[in-house]
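So that you can see what the record holds, here are the features copied from Swiss-Prot:
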BINDING   TRP14, LEU49, GLU70, ARG127  S-adenosyl-L-methionine binding site
Amino acid sequence: MDAKSNAVFWQEKWERGETGFHEPQANPLLTRHIAALDLPAGARIFVPLCGMSQDMVWLAGQGFHVTGCELSDIAVHRFFNDLDLTPDIRDVGPLRCFSAGTIRIFAGNIFDLTPDLLGLMDGIYDRAALIALPEDLRRAYAAHLLSLTGPVPELLVTLDYDQSCLKGPPFSVDEAFLRECYGQAYAFTLLESRAVEGGLKGRCPASENVWRFSPLPPSS
């Protein structure tokens with residue numbers, strides 16, 4: 001699937017209300033492990049492909065400044081509507097920026113987001129971005145994310161399962177892929193691994209893994 005087809009796929013998901021991937025409260029893996037990033041209150045956290053995730057609300061409640069990027073305008077509008085917030089909205093190149101309080105979300109294709117638009121980030125939280133993308137786009141996404149933020153501490157949630165069992169998304173992402181795409185910039189620590197109760201979509205045994213990415217020191 002190319003980038004355009006992938007964008008159409010997710011836009012249509014939101015238009016049809018097929019949002020079973022949305023969680024109505026903060027993910028417990030986030031609340032258990034965010035401290036592993038060792039970020040102070042006021043730190044700037046990037047949440048790529050954020051949807052209308054309640055994780056952003058929770059992070060803001062912990063004192064962080066949260067920036068998301070989401071393809072679907074529907075998701076972004078619903079996010080702020082559900083919080084009874086009226087965001088400031090402005091066009092920034094091919095994207096639209098919605099902001100209210102310490103949360104802002106860029107609506108549009110993440111590959112159109114630039115470091116200048118994003119600004120400096122102190123950390124990344126990726127629960128549903130990497131695993132939402134087919135393999136070719138995952139590689140492009142990983143490279144783009146590094147170009148946006150540079151190597152900063154990251155909390156990443158992945159799924160690991162037999163990809164032949166399910167078509168995806170969500171897609172299986174194993175440690176070998178992480179090392180191939182991120183190994184030049186990060187050291188990895190597996191913080192937690194747990195079996196998906198009942199199997200993924202009730203069909204396939206799977207493990208959900210939480211990784212901490214720690215930036216490697218610059219080579220001399």
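The backbone N, Cα and C atoms fix where each Cβ goes, glycine too.
Positions of Swiss-Prot features highlighted on the structure.
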residue: LEU49; record: S-adenosyl-L-methionine binding site; DSSP (3 states): coil
residue: GLU70; record: S-adenosyl-L-methionine binding site; DSSP (3 states): strand
residue: ARG127; record: S-adenosyl-L-methionine binding site; DSSP (3 states): coil
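All protein chains shown were included, and the count of other CB atoms within 10 Å of the CB of GLU70 (S-adenosyl-L-methionine binding site) stands at 26.
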